[in-house]
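Student: Here's the feature list from TrEMBL:
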- A:783: active site, nucleophile (ACT_SITE)
- A:785: active site, proton donor/acceptor (ACT_SITE)
- A:783-785, A:799, A:818-823, A:826, A:848, A:886-890, A:917: substrate binding site (BINDING)
- A:736-760: compositional bias 'Basic and acidic residues' (COMPBIAS)
- A:761-774: compositional bias 'Polar residues' (COMPBIAS)
- A:18-251: domain 'Glycoside hydrolase family 65 N-terminal' (DOMAIN)
- A:303-685: domain 'Glycoside hydrolase family 65 central catalytic' (DOMAIN)
- A:705-733: domain 'Glycoside hydrolase family 65 C-terminal' (DOMAIN)
- A:736-777: region 'Disordered' (REGION)
């Protein structure tokens, strides 16, 4: 997979995503990536100060409004973020002035987005700024912002304007009318209303300033209420600004303005509210966290995907559901697909069952919409919309219209033909019921959905008399590369399954609540004839399955289509539809996403027909190579990961899993700007729990049959099953073990214990490196000049100037001898056997240093050598410590100017030790600073003296440059450009095995 | 025609439209009606203070941007109007507090919109406010606003915030990205850019305050720069605020921000700029005005329509054209249709030929778009777009998409089939050339258009071999109720005409500029074969014309369609398409707009085939009754008016003319909110000049053959023809006259003299009323109590209280005797023969008056009797003067409280004369005030004494109430409710003939 060099600016640690550079060309995808939310609303990670073409957005669940072509869309709400900061007359913008430090962090554990910046204004004033924001999970109507401003080198006027922007937009469209606005003693407020759906929204805001004399003014420009203040700031003194925003809509209260102002008037202080918010997050993670050890990236990425699901979860609202792009972007207009029931729901069923109930209740509340769709389409019962919004009516657009004057209108057929959604919902209800035992909801809501969609099916299915079988013709299956097919096996079987379960639910309901059965029989005209037809359909539904081979034909005559070898199209950066056109794809055996394999995945849960190992293998072998798993649907990879894990193909499983897990962090499909891939995020949980964890649902409990990826040393998660919590703490094992666990496997095992609302865990640990001779590297010490930067050039210029002044011959060739040599030693080499007094020597050293320091002022990030930043970041991510080990007395200054001070854990410089390289002292000092042993240390050097010093310190040495110079090192590289930590490790491992006794 | 009681709040005088009430339910149509502009931009008449759901808009010619479905639209630009006024803490809004006076005026002569308001804030502070705005016609980049604020009854703080709103919207969509903004020493500025078309717009603004101590602050909320000020205002002292706005786009200058700020920095003062603007308007009207006498409404309405054309005219830009809804609304998205060439252009050709040249040059600059359309459609040459914007590519939407979930997509076929536009443009070019003699433009631009569209036609036309004729199949003609027809005669003939003229132009060009012919021959592949094919097509084009009857079939088999009698559908308020559906209309002989008659109108200009009187009559008789002239296309009425005038059917002509002239003033199609009906406005000029003026274009000059409507005493206009101005001053005549004029007519005549850039006029005047016995009414005098208002009730309550206090029996029955009786006389009647001293009498009179005045404080507009306002307004419009003739000494106070002070010309009250009614003195006094004779006066009275007084004054008397009371009057009515001036006149005429000697 092409990582598009995105890793460069992201660092993943346990819970924290760190962005280390301001990258305006990635503005939109990063706004998505840094979304925060609390399940009531989601706010994209746009910058407070605003940029042209930025796409700030706040989406509130259930707030939709009309729009042409796509009928309705999730509405971008008034923006609560805008902050203008004017520093001594210069408006703060990262694209002006100079960024001296930049770090943005998303803390998943506590749902806090923060940013730390040191900025020098165009007029040359330097200021430190901290931005923080959160959407309270403890009280979903409260949003908080805190800014800290510290002038570094000036006293001056700072103006701030914090606004509510009442002109938000959905791709240019503003769904709101501003009804009224005003100020109160506590702040400002704005009252807006959606144009067609007439939802009222009220936002209140107030602002407090600490650490200076400042009063807050109100400007009430129409639709743009603003809290502003101008104050005198003093160098090195921090001013803190806190802003609170309260939000209500008429969806939850009749008088949102009153509610927002009431809440605003009685807010507790920032710290108290933030702590409440953090505690709420801790409670959520107690149930939903997955711990992975041994694979930092996967560990973080899994949590990141779960975070996306949690911030989009409607905790307190059962009339909304999670859109395909969650509450994080404009893609798919906030419409709700089968993604929710099939991909997202299991995570909630097993870790936050109340949310799962809310999500399914949304389908109950939109049942009438599904009934209208059935009636408009000429069918009975309830036919769920392929894309659904507030009412449940069909909102899939009919057309993709061209932008150019003479382009083709492209008809979108999903609304008409992708009908499996009604069975998908029944499937989700069934497993919600199985997992939770929530009989009450099944009686009140679930049964009615299952029955009325079953009634739809019996009106939709055709009886083929000559063949005496039931068929479903003219549809789109799960695979959307084929737009008009008959008897798609996925659909035929899931519908058959649906009718099977409908009869079971009917019998159960008749036994447990006969009056409800009667009620539904009447309401839905659920006659004995209807049920008998269901039975007939179950018996005679056509499922083209070949029991001898296990191979299933995707749909009628699929095997007659032109075959395809996707390898012939590699390398590619786009989907097969983009390459072949939809007509071309229609004619070939190429899949956008799993279809037969999707069916097998669904039937796997209870090992129902046609799922079994043989069928899985046969169909995997046939369909996986024909599936556009890289650029087809983002729904595919996680499902492939699970099935590949089932089949013992862990490499494939891990690759697909990481594809799903990183899709937004790496923007690998180039559409993260449109919002988080919600189904993929749900799929990540499925892949970890059902794929690697190998969870199988038995009658009594979930059981683990783990297949952990090679580098995972531990996998820990909890599942809620029928009112009990089950904790799984799974470990990599190299040999068979038995600690009272009946399940055995050749190479891996897991163990799980039941408990009642209490956690217990069992650990089977073994160090994966015990049997290897590989060095146990814990830290890397970098020389500075010639390794991370080019300051050698500045030294050379300094020495050259000195030499010229003294009339001593000197040139670049002569300079080569000075690499890694201390200042005094360098001077000695230049002076040769010329005689100078100690005072003269001191003066010359000082003079050269003045020149050098003068020259250093020109250093910037641009002076970093290629590969330096990338490797430093990668090391930090991998948990490897880093230090600078430089003979220079200016090392700190250089490190600061290069902007890498926050990327290294320690700096050893010309002041640290007395004996210069080639003595080992400097590196030993550095290793000591890092708290690691010499044998756990790697030195990266470009000078012979440095290599000698590293070897003298008994450290691993990496030499940069020609073998003539650094050939003594364990590993020799031309430079750091393109060097990955994994590669370097491999080379060091090789070296360790070859020349283990180099020391 | 249903006037929808709109007349009630509009008053039309020569040049001024006055709106007398704030009517929030008509917000959108009034925004259109009060649009101002200068041909560079148009700004809808939205209120500065802003209202929910208001549709403020400023459109700049040529500023388009992409939009789904309709490809591109004219962009609503940042709003320069917003003004927040806060009066002692209360934000000024007409829907809060109390409106004590309201008048909005559009001055057509000088292009100035003003508003005068007396408003009492919710806290009870009364303030007079004058708003004025103009878009300079002298410098199109300058916009001016002036506000005058006069506190009446308080000293207090006034805050004003004048903004530029950088979030304008086209039906919710904001086409702009705000690039930057800031402040300068002269004011504020905003720099925005359209999202797709990347047009930069800069707006600068500054504000000056006179008459108080006030400083101006700048707030720079993102996208909403604001100039604000807070000052202390003093009762009865006027504060004047002047705001200037400068506007540039990258369409006319590379650095619009610099240009806007430069202009802002060097502006002259308000009065100077306003005067320059007014002088520019005077110059324009000198050429374009039409004077009508004898019909106030028509006189105003004609000027109103011409004003709409003039403010949308691109004076200095030849790359734009006038959209169907001008620059006044969102309808048709600013797209350009045949409306411009066929309906609007003649006005400009004959009165502002430079604008006509610009408009036609737009078609030249978009010729490549027309070529692309031809190529994409598989044809040669240039095929103009049915709807056109910047590039000339086709921008007619393909679809009208449903808003509801299951509605039908309706395909719009005009882009594919309504192809006559290419010939319409050739037609317009031909007549531009004929009228102006602009050979240079014809050589440079016109010829190329005519040739390349002719080449298109020869590739589009089919040869029908069996019939040996050319045909045009599968199109839409002028009539859009038939969407797929063959051989539409309108199209066949106009195409044939086009090819005829193409050959003439070719020959002319070969003679006058042979090198240009060669150039075009090469460029367009205009070979002799092509020209010979044109000749063949001309010879064999099928024109289904029956010379025996003159009847023309609209298209092949039209006469076989089901016939229709539109009378059977009356009364109706919607189009026949809305009634029958388009499919239903397709099948019937019902026309949306003239089609055969449109062809006859076009051929009428030079009396070309098939136009002649017989053909006209035959086809009028057939098609006019089958045309949906009321609710079909708004393009129809003016054309019908012209043809009806030709046929001598002046009633019909006048009715259709007024339908066109009033379409927006009366919002008779309920879509004025979408913008001015531009084609109808152009049609109004055509109807006046060609219809009523009967202008015919001869080889040497235009000649008038007038047919003036009965009430028009004078019609005066100018035409520019081949570098000469021709003035027509036409008069109604009752008998044949001859003043050296060879043209004679039975009842009417006109005369015209040529001159060179100099006006002369000839007048043939005769009073139309000389031969009638009808009274020559010039004024109406209204009693107040019981006629215009109910104050009789307050008098009664006052007398009742007095009588009770004095122990005198009194009741409502007794009160009836006091109608129209003076205060002293009333008291005498109440006291009867009881004895009181004069001092007691005086005291009682004073006491009753105190009670009465106290009670009067409760009077409001609601106390006006039904019909009062309507009649007062109608009289003012008709030029009839009005007075109050009331015995009350409180009449003025009552008139003020009723809010009708500005609707009457004089007030005669209890102080005016000594002798009370039934003496004639009061009414004689009133007539004298009005400057009219008693015989020209009507008195409206409800009291016997009043009628007696009127008759004694030898005036016409109208009595309101029972015959028992007012039977002596000439005319007796129950009340004024529903009374129209015309009705009243008719009754007075009757009375005059019956009881001429009642006096």
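Using the three backbone atoms N, Cα and C, a Cβ is placed for every residue, glycine included.
So where do these features actually land, and what's packed around them?
Tutor: Annotation note: residue A:785 (active site, proton donor/acceptor) sits in a strand segment as assigned by DSSP.
Annotation note: residue A:799 (substrate binding site) sits in a helical segment as assigned by DSSP.
Across all of the domain 'Glycoside hydrolase family 65 N-terminal' (A:18-251), the predicted model scores a mean pLDDT of 96.
Applying DSSP to the domain 'Glycoside hydrolase family 65 C-terminal' (A:705-733) sorts its residues as follows: 0 helix, 16 strand, 13 coil.
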Student: What's the CA to CA span in angstrom from residue A:889 (substrate binding site) over to residue A:783 (active site, nucleophile)?
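Tutor: The Cα atom of residue A:889 (substrate binding site) is 13 Å away from the Cα atom of residue A:783 (active site, nucleophile).
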Student: May I ask for the distance between residue A:799 (substrate binding site) and residue A:785 (active site, proton donor/acceptor), taken between their Cα atoms and rounded to an integer number of Å?
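Tutor: Residue A:785 (active site, proton donor/acceptor) has its Cα 15 Å from the Cα of residue A:799 (substrate binding site).
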Student: Could you state the CA-to-CA distance between residue A:783 (active site, nucleophile) and residue A:823 (substrate binding site) to the nearest Å?
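Tutor: Residue A:823 (substrate binding site) has its Cα 15 Å from the Cα of residue A:783 (active site, nucleophile).
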Student: For residue A:823 (substrate binding site), what is the secondary structure state per DSSP, taken as helix, strand or coil?
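Tutor: Its secondary structure by DSSP: helix.
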Student: Considering the active-site residues A:783, A:785, which residue's Cβ sits among the greatest number of other Cβ atoms within 10 Å?
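Tutor: Within the set of active-site residues, the most crowded position is A:783.
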Student: Are there any residues at least 6 positions away along the chain from residue A:823 (substrate binding site) with a Cβ closer than 8 Å to its Cβ? List them or say none.
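Tutor: The answer is A:845, A:848, A:849, A:887, A:888, A:889, A:910.
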Student: Reported as an integer number of Å, what is the Cα distance between residue A:886 (substrate binding site) and residue A:785 (active site, proton donor/acceptor)?
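Tutor: That separation, Cα to Cα, works out to 7 Å.
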Student: By a 10 A CB contact count over all chains shown, which of the binding-site residues listed here is most packed: A:799, A:886, A:889?
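Tutor: Counting Cβ neighbours within 10 Å, the top one is A:886.
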